[in-house]
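Read the structure below first, then the notes.
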């Protein structure tokens, strides 16, 4: 029952986490904030987690672990609810556009009007500027994420230590493998939910979506991010219920013990724990910390985890944005593809890894070698992703000249040429159109378009003087597609990503066993908590922030608010973006193999506290069987010879 409950808790916590990571782009656009600030909001979860992780890991084993886990699930639900509040407290989302939402063409304010005056949606009216000052509602999301991090704190260290304490040592890897499978089911559900919500307009029900001039592939589109957080809140609260009915302790798996004996033992343990609390509950804390700090294998394992976590937290958090910018997919499609291609292989890898550990009774040293060399194989395959690239979107005035020649950098005076010099166009407004010459333009006005037909997303612009074609020049709303070659590159990238996910997850359970078996049994809970604490402090918090800063440095065009302030980034230099997204994790992962190899060397020379946990049991069983056979021989001899001495010995 506990195994089922803790698996559901893992599902709910990873459901919330994966949904949050998938909605980062939507949050960035909703609040018009840079990626670096979004990275800080994402890292705030780790802040909440590390506030309690060490103390929960140590003191939690002395308290009622299931109840603490259930309380954590309720707190996670509260955090998810807080994150959804800004939607109900803010005005409707307004995206920048030179085109009237109603599609009224009488004014022609979004077209090229020679010697005319542009009447733009952005305004310099002081009253409206006061309303448009960048909203601080994102603070609710920040606080909600911190609260969610605090709630998740007891689930992993207390859940894993509970399994380790009451399960057979040879069954523990399999059970942990099943629990880790929950960390795949949760993200799969979370990503499917995120894909659905990202495809639904943020203010659906409040606005007529037929009047919108943007689609989900547009970088101004914001999905219904708030709706998924409400669902996550409900799931977390429901998951908490079973834990309040589970016992504080269980009999060791495989022991046939009378119920009265179990009750007496539990009462005796409670009396002993109460005495310990009276004498000082922290008396073992510092000795345990000293013991862990002096364990070279454990400390090197933490170093490997911190380095690799720096790489993976960036890859996972910003993968939807990478698929959007590199391959031209919508947020909804990017999230869906990420889940479908990556999560099932990871789930299979966790289960297979646990089964291999159980079937072949892999030792700690063998597990370390399996984890290291499989990770190295995955790392080498990773470099193939550098070959699966697409060209930048060709946007005239940003990275392409009006003659269709690619430029390496933005030159401001390239926006105006003879064909649009007298059009009185806005220069900072992002309202792209795709010309029938295959090039994109910042707006219909800058493309020199003079007339238009249709309304909403079906609007077509005609007589575009800057679009050089043999026939009638026209344009439609949105950026141009990247073409079939880019689609094939996306398929190759996703297949490689699925293969890498399977190989790496196959190595995860053996690697986790090294962590659990390289320390003393009484230190397990604290060691898991300290491991989590270090990965949070040195990877979970800083990684999204510095990665976000690097991504912001590749931005080619920032969005513009009503009063001229800069908003979220609309388009990135995809080549530089690719080098950062793929190159930085490659460098980090490569450096992690240095301490990993040192661990393998140390394991050859030392004895681990938990290494012979299963072999000790087997040794006892062998001795018992030997005595049993000896007794049988004596009994047979005493029966045949009728020897009183032998009967006495028997």
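Quick reminder: no glycine exception, Cβ is built from N, Cα and C everywhere.
The annotation coiled coil is assigned in TrEMBL to 252-284.
The domain 'Major facilitator superfamily (MFS) profile' annotation in TrEMBL covers 1-607.
According to TrEMBL, the domain 'Kazal-like' annotation covers 413-468.
Long-range contacts of the transmembrane segment (40-60) within its own chain (CB-CB distance under 8 A, at least 6 residues past either end) are made by residues 17, 20-21, 24, 27, 68, 79, 138, 141-142, 145-154, 157-158, 161, 281, 285, 288, 317, 525-526, 528-530, 532-533, 536-537, 540-545, 548. Positions annotated as transmembrane segment by TrEMBL: 40-60 (among others).
Residues annotated as transmembrane segment in TrEMBL: 67-85 (among others).
Look at TrEMBL and you will find 175-202 (among others) tagged as transmembrane segment. A Cβ distance under 8 Å defines the sequence-distant neighbours of the transmembrane segment (175-202), meaning residues of its chain 6+ beyond its ends; these are 3, 6-19, 22-23, 26, 30, 87, 93, 159-160, 163, 167, 209, 212, 216, 221-228, 231-232, 330-333, 335-336, 338-339, 343-344, 346-347, 350-351, 353-355, 357, 508-509, 512.
Same-chain residues lying 6+ beyond the ends of the transmembrane segment (222-246) with a Cβ under 8 Å from its Cβ atoms: 1-2, 4-5, 8-9, 11-13, 15-16, 19, 23, 26-27, 29-30, 66-67, 69-74, 76-78, 80-81, 83-84, 86-88, 93, 95, 144, 151, 190, 193-194, 197-202, 204, 216, 331-332. Residues or ranges marked as transmembrane segment in TrEMBL: 222-246 (among others).
Under the heading transmembrane segment, TrEMBL lists 297-319 (among others).
According to TrEMBL, the transmembrane segment annotation covers 334-356 (among others). The list of residues near the transmembrane segment (334-356) in space but at least 6 beyond its ends in sequence, with Cβ under 8 angstroms from a Cβ of it, reads 18, 22, 173-178, 180-181, 183-185, 187-188, 190-192, 194-195, 198, 319-321, 323-324, 362, 370, 490, 494-495, 497-499, 501-510.
Annotated transmembrane segment per TrEMBL: 368-388 (among others), in sequence order. Sequence-distant neighbours of the transmembrane segment (368-388) (same chain, 6+ residues past either end, Cβ-Cβ under 8 Å): 356, 362, 489-490, 492-493, 496-497, 499-500, 503-504, 506-508, 510-511, 514, 578, 582, 586, 589-590, 593, 596-597, 599-600, 603.
The transmembrane segment annotation in TrEMBL covers 492-516 (among others).
Residues or ranges marked as transmembrane segment by TrEMBL: 537-559 (among others).
Look at TrEMBL and you will find 579-603 (among others) tagged as transmembrane segment.
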Subject >> Cβ-Cβ under 8 Å with the transmembrane segment (537-559): same-chain residues at least 6 beyond its ends >> reply: 32, 34-40, 42-47, 49-50, 96, 220, 306-307, 309-310, 313-314, 317-318, 321, 395, 398-399, 410, 430, 442, 566-573, 576-577, 580-581, 584
Original post:
Are there residues at least 6 beyond the ends of the transmembrane segment (297-319) whose Cβ is under 8 Å from a Cβ of it, and what are they?
Top reply: 21, 24, 39, 42, 334, 338, 514-515, 518-519, 527, 530-531, 534-535, 538-540, 542-544, 547, 551, 581, 584-586, 588-589, 591-592, 595-596, 598-599, 602-603, 606, 608
Original post:
Could you give the number of helix, strand and coil residues in the domain 'Kazal-like' (413-468) as assigned by DSSP?
Top reply: 5 helix, 11 strand, 40 coil
